[in-house]
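First comes the structure, then the notes that go with it.
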Amino acid sequence: MSSRLFSHDRLDQVIFQGPSDLGCSVILWLMLFISLALLSLGSRHILKTIILGQMLSLFICGTAVTSQYLAEQYQVNTPMFQSFINYSLLLLVYTTMLAFRTGSDSLWQILKQRWWKYLFLGLADVEANYMIVKAYQYTTLTSVQLLDCFGIPVLMALSWFILRARYRLIHFLAVAVCLLGVGTMVGADILAGRQESEGSDVVIGDVLVLLGASLYAISNVSEEYIVKNLSRVEFLGMVGLFGTIISGLQLAIVEHRELMRIQWNWKIALLFAVFALCMFGLYSFMPVVIKVTSATSVNLGILTADLYSLFFGLFLFFYKFSGLYILSFVIIMVGFILYCSTPTRTAEPTALPQPGSTGLDNAALKLEENDRLCGSHASVSGTLR
């Protein structure tokens with residue numbers, strides 16, 4: 001669903017520094033720019049899109065913070081089990097809703113017609129989550145942050161060919177501004193002097209990030225197509241069904257030992273419950289946002305999720321404040337507003353020429369014209385003789 005889900009490694013090693021006077025000035029000017037941009041645009045749709053995108057970011061922030069607590073306080077690292085809980089909730093709610101439907105959109109009819117498509121969609125969604133989290137064991141956090149953005153151009157390319165979305169120059173500029181904001185966030189981490197290991201195998205980790213980001217793009221484009229052409233309940237019900245099966249099998253293979261080592265108590269259970277509610281809310285709410293905007297717009301909006309996690313860390317994990325993270329947040333929001341300011345258009349499908357009576361009539365007229373020409377040539381030839 002999103003490559004920023006429960007990446008608690010992002011929070012584990014953050015060190016903050018105070019902002020400079022120049023940085024504060026830049027932040028104030030950019031905040032003023034955002035306020036003026038919102039006032040000048042004057043569009044309720046844009047404001048609604050911004051609010052909805054940041055609500056998704058807060059859901060992702062909730063998954064990150066709870067995972068951070070589980071990993072840091074209780075040494076619990078079970079991303080596949082946490083995904084399994086979410087898919088099980090989707091199965092319980094939305095697949096059950098499909099089971100009670102009748103007609104062409106019933107669960108049985110959907111499975112008969114396109115079960116294999118949803119199998120691949122569920123596989124892409126489950127493995128995307130797993131690959132991104134797994135990549136932290138092999139490569140650096142900076143590499144994960146930067147390469148994770150590879151999913152945005154992949155998403156735009158897939159939207160171009162599959163959803164026939166057509167972008168304007170301002171959309172490409174907006175994406176560049178958002179990526180600049182991500183680069184500012186990464187630069188702030190580096191300047192903060194955070195010590196991070198190089199990982200056991202950087203190449204494997206980088207490949208996992210690229211594959212995970214690409215699978216997220218496939219999942220998001222599929223989600224946009226389904227919720228706009230079929231239904232939100234069908235998407236969530238099928239992802240819940242196949243996601244539960246796939247994540248359950250993978251959980252039994254790769255994480256059964258981690259589950260056995262958990263020393264259960266009410267605090268751990270509460271953290272798992274809060275994580276599950278945030279993840280379930282994210283999956284349930286994201287199709288609603290995508291239906292009124294687009295998958296690309298949503299992915300640009302949730303670039304702020306890491307920053308929300310860091311801001312919550314100021315109070316929950318006693319981090320020191322840094323103005324550079326505020327700067328990156330403002331830059332991302334500027335790019336997001338620019339992207340939302342101009343809607344994309346959808347290309348009309350190219351109509352293939354169909355054979356019909358018009359074509360036959362044209363052919364007959366052409367044959368008749370040729371006969372007349374041949375007749376006139378014969379007359380001229382007879383006269384000359």
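The backbone N, Cα and C atoms fix where each Cβ goes, and this holds for glycine too.
Automatic prediction, not curation, is the source of TrEMBL annotations.
The annotation transmembrane segment is assigned in TrEMBL to 20-39, 51-71, 83-103, 144-163, 170-191, 203-221, 233-254, 266-286, 298-318, 324-342.
For the transmembrane segment (266-286), the residues of the chain that approach it from at least six positions outside its boundaries are 1-2, 5-6, 55-56, 59-60, 62-63, 66-67, 69-70, 74, 76, 82-83, 85-86, 89-90, 223, 236, 239, 298, judged by C-beta separation under 8 angstroms. Scored by C-beta pairs under 8 angstroms, the transmembrane segment (170-191) has its highest count with 324-342, from the stretches 83-103, 144-163, 203-221, 233-254, 324-342.
Using a Cβ-Cβ cut-off under 8 Å and counting only residues 6 or more beyond its ends in the same chain, the transmembrane segment (233-254) has close neighbours at 80-81, 83-84, 86-98, 105, 107, 110, 118-119, 121-123, 125-126, 130, 223, 226-227, 283-284, 287.
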